[in-house]
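For reference, the structure discussed in these notes is given below.
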Amino acid sequence: MVSKIKLTNFRKFKNLELDIDKDIVVLHGDNAVGKSTILEAISLITNGKSPWANTDEYISTDQEEETPFCRIEITTKEDGEEKTYSYYKTNSRRILKINDKNTPIKKFFEETASTIFNPEKIEILMISPSKRREFLDEIISTLDYEYVEILKQFRKVLKQRNAYLKKLSKQFYDKGIIARNDPQLNFWTNEFLKSAEKIQEMRERLSKRIATKKLKVEYIKSNGDIALEDALENSKKRDIATGYTNVGPHRDDWELINGMNIKKYGSRGEKRLSIGKLIFEVQKIMKKELGYYPILLLDDIASELDKKNTAEIFKPEILNKQQTFITIIDYKNLPKEVVKNAQLIDLN
């Protein structure tokens, strides 16, 4: 479990040090005191990615150093053994260390993991498919670092194929000609298939693993039941006309079924609860694959739930499986059993 957190030049925290002594930690206080910032730091050092920022905007600019930097450190304690993980970041460099020794990125993130559940996660049922695809990709990337490389390669090839399609599209609109068998397009299509089929296969496999008797994730391929290679061939004229690849993992989606299509027919409360259950199922899969439960980060979830659903999400038998960090304005809005067993940290 995490026993210490240190933040330096991370968003509003010039220097912050927290000693942690329980498996359930409640960070409470007014809005804008930095509750979510602490969860962001934990996510960054355990997953390599901020849940909110795609850039280095979390590096505080209010510092005198010539090269602005931030540092996150967490100390863990398991069976009497302590380890310190350090994440140092400037705008151009990232240095990862375990026990003060430089550590390759793959090894560093193999040893740590976290899962965040926040209001944005609740919204994934109602917003763009790209966010739903990203949800699956984040889980698979944590389970299998090779998937990160497959995704990188896929995005690179997709960009190249689209660039060539745009070139063909211009020719089509200028001259009214579509080449039946363009060698360069065939090359990029074959390269596309190498990673695209792996991504679809791995996403579909995860979707089936998440399923329970009551909860089902239905993965929807943009190519339907047709082989992706055949779907690309069928879509060739359309791709050239639009200058874009219209089928593949980047166009796939998934739906959550809990006796009904939750997105279409579920109430807001049912959607929130279903996403919570989905995330808890993911935690179980992580435990099987990684050998430990990732840290669970519950950010401002109680504000999104009524009393009944709050009790359902914050069941002690769920929270006690892993170390859990909870943010909330007033801890008294949490179930009494949770508060009784938690370390309360007032950030006001």
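Each Cβ is built from the backbone N, Cα and C atoms, and glycine gets one as well.
For reference, TrEMBL has these:
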type    : residues                                               : note
BINDING : Gly29, Asp30, Asn31, Ala32, Val33, Gly34, Lys35, Ser36 : ATP binding site
DOMAIN  : 1-327                                                  : domain 'RecF/RecN/SMC N-terminal'
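In sequence order, Ile329 are the residues near Asn31 (ATP binding site), counting only same-chain partners six or more apart with C-beta under 8 A. When the binding-site residues Ala32, Lys35, Ser36 are scored by other C-beta atoms within 10 Å, Lys35 scores highest. What surrounds the ATP site, by Cβ distance within 8 Å of the Cβ centroid and not counting Gly29, Asp30, Asn31, Ala32, Val33, Gly34, Lys35, Ser36, is the set Thr37, Thr327, Ile329, Leu347 from the same chain.
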